[in-house]
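In what follows, a structure is listed as structure tokens, so that the remarks can point back to it.
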């Protein structure tokens, strides 16, 4: 019995590639990209004072572009390439046609798909750090911070834990979708950066309402729905695990929002929009390694 014509292997669809998995991975990568552009751009720009809105949104927009260029320039191979030292790969350009069209290190996918999928994870990690620095950091300093932190921090964590040659991967460390590589590293970096940059001016700390609550909710909603790609794409396959991870992600997030609103009501007398968004982000981050 012959295969249908659309399933017969050819130069653009080699035997090792699964079309369904490849399509799913490209879709999930786009969903994760939408979490940042426009999700976090809108969220950051609307949750701060009006005078910081454009600068805050532009920090996220710039970081997404810079990380993607750094990623194909040297970051992907530092994170998933041949070992340079036990915690880091050899830097190299990831734009060669033969390299991009061969099978990726995991899954039934071309390397081009893997490069794009991993690039949006790298980008959102840096943009998450920006949330700790809104209204505090000069944009010119941020221009330098993004490529430096990406090169000397993110690539080390990614290679050590996610690359099969990494020393923590060989010890059996498992990080589903980025609990260590993304959230822990971004959280520690954001806390450290905020400490060294210092607090906002006293007059800005007393009264700091969001400049647009509706847009803030829209950005948060894009972040929430985009998490289907964040956790659903982690298995590198369109499978039962992907479906389970997505369901667990949204149930946990909804529960976290309701819990936060309940605590707001008990301690402050009424629920709040900011509390709901905090609860949403808390739920998303907590479920990611266990989805």
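For all residues, glycine too, the Cβ spot is worked out from N, Cα and C.
Values in this document were obtained by computation on a predicted structure and should not be read as measured data.
Look at TrEMBL and you will find 23-45 (among others) tagged as transmembrane segment.
The feature domain 'Ammonium transporter AmtB-like' is assigned by TrEMBL to 23-291.
Annotated transmembrane segment per TrEMBL: 52-74 (among others), in sequence order.
Marked as transmembrane segment by TrEMBL: 105-130 (among others).
Here the transmembrane segment (142-162) has long-range neighbours at 59, 62-63, 66-67, 70, 74-75, 78-80, 87-89, 118, 122, 125-126, 129-130, 133, 168-169, 173, 175, 180-181, 185, 189, 193, meaning same-chain residues at least 6 beyond its ends whose C-beta is under 8 angstroms from one of its own. The feature transmembrane segment is assigned by TrEMBL to 142-162 (among others).
Here TrEMBL flags 174-198 (among others) as transmembrane segment. Within the chain, the transmembrane segment (174-198) has long-range Cβ neighbours (under 8 A, six or more residues past its boundaries) at 121, 124-126, 128-129, 131-133, 136-137, 145, 149, 153-154, 157-158, 161-162, 230-231, 233-234, 245, 285, 288-291.
Through the fold, the transmembrane segment (210-230) approaches residues 27-32, 34-35, 38-50, 53, 121, 177-178, 246, 249-250, 253, 273-274, 277, 280-281, 284, 288 of its own chain, all at least 6 residues removed from its boundaries and within a Cβ separation under 8 Å. TrEMBL lists 210-230 (among others) with the feature transmembrane segment.
Annotated transmembrane segment per TrEMBL: 236-263 (among others), in sequence order. Within its own chain, the transmembrane segment (236-263) has Cβ neighbours under 8 Å at 18, 20-21, 23-25, 104, 106-109, 114, 176-177, 224, 227-228, 230, 271-272, 275-276, 278-280, 282-284, 286-288, 290-291, counting only residues six or more beyond its boundaries.
Note on the transmembrane segment (52-74): residues 33, 36-37, 40-42, 44-46, 91-95, 115, 118-119, 122-123, 126-127, 130, 133-135, 137, 139, 142-143, 146-147, 150-151, 211-212 of its chain, located 6 or more positions outside it, place their CB under 8 angstroms from a CB of the stretch. Mean pLDDT of the predicted structure over the domain 'Ammonium transporter AmtB-like' (23-291): 95.
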